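Visitor: Have a look at this one.
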Amino acid sequence: MANTVILVDQPTLEKMKQTYLPFSNPKLPPGAVFAAKKPGVSITGYKSRKVMFQGVNGEVEAKKWVATLPESKTKAPSVSKGILPANFASKNVIGSDEVGTGDFFGPITVCAAYVDAEMMPLLKELGVKDSKAMKDPEICRIAEKIMPLVPHSVLLCPNPKYNELQKRGMNQGQMKALLHNRAIENVLKKLAPVKPEAILIDQFAEKNTYYRYLAKEPSIIREDVFFATKAEGLHLSVAAASIIARYKFVQAFDAMSKEVGIPLPKGAGPHVDAVAAEIIERFGLETLTKYTKQHFANTEKALKMVKK
């Protein structure tokens, strides 16, 4: 079970020490100021103001101190090998997220968005939250309301460019890292001289891997950057970025459908194979590759359907 570590200020550390007093463990490891054990989780606070949570309930327990969002029935966010400051959910943060990576049709779309504490009540009122359960019409409605309010940058990797990069040996993780880094850099430029308190990336790769992907970039954003899975639940900036990214993805998807004259399906299942085969039959393989991620297995499946 991976550890979850958070960084807190001194008053919070003292508060945690008092809160966990009924569960205290008298045996302290080196550098610790308190240790406690609750069902499913061991908590250790250190002089460095780092607090480590270990056990099956570690992430859930840590989230009580990291964010003020209510617990959901889904798996708790994972702060993978990273440290989120205390009260992170109320800080001024640039968040970034992407969509379209698992869809055969359509571009990879990345958005970075800045949300400060003053804007949070309005964004919540406008419906900004974890968007995974939202339908496209709701996404579009909310995105159109928040885009004028939230400094953001959206970058798309069109399918022809995606296929070109993929043939040159670049994997999807590398493409996403480049897009995230550049989108975040764009928002930082828009904000200057204002600086965010942190940057949170919805994690798709380990931190070291992410920065290895960026090794040849002339400008790499490293300062105050954090990575977490399910980051939409950790800060509204990521939730806003996800909504805007999906809105732009839907727009691109609709434009492609009109251009090819066929409603294009999302995902990469058998229903996608059938539409891909129809496009090959009507317009040829070259047209299909213009709208798709060519290396997906759907290409070969569609070709087999055409040959039958």
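Quick reminder: no glycine exception, Cβ is built from N, Cα and C everywhere.
The structure displayed is predicted, hence computed values, not measured ones.
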Visitor: Do you know which of Asp9, Asp136, Asp202, Asp224 Swiss-Prot groups with Asp97, Glu98 in the divalent metal cation site?
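Guide: For divalent metal cation, Swiss-Prot names Asp97, Glu98; of Asp9, Asp136, Asp202, Asp224, the listed one is Asp202.
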Visitor: Could you check what DSSP calls Asp202 (divalent metal cation binding site) once collapsed to helix, strand or coil?
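Guide: Its secondary structure by DSSP: strand.
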Visitor: Applying a 10 Å Cβ distance cut-off over all chains shown, what neighbour count does Asp97 (divalent metal cation binding site) have?
Guide: 28
Visitor: Cβ within 8 angstroms of the Cβ centroid of Asp97, Glu98, Asp202: which residues besides those meet this for the divalent metal cation site?
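Guide: So the additional residues around the site are Ser96, Val99, Val110, Cys111, His180, Ile201, Phe204, Ala231, Val238, Ala241, Ser242, Ala245.
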Visitor: Restricting to the domain 'RNase H type-2' (91-308), what is the model's mean pLDDT?
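Guide: Summing pLDDT over the domain 'RNase H type-2' (91-308) and dividing by its length gives 94.
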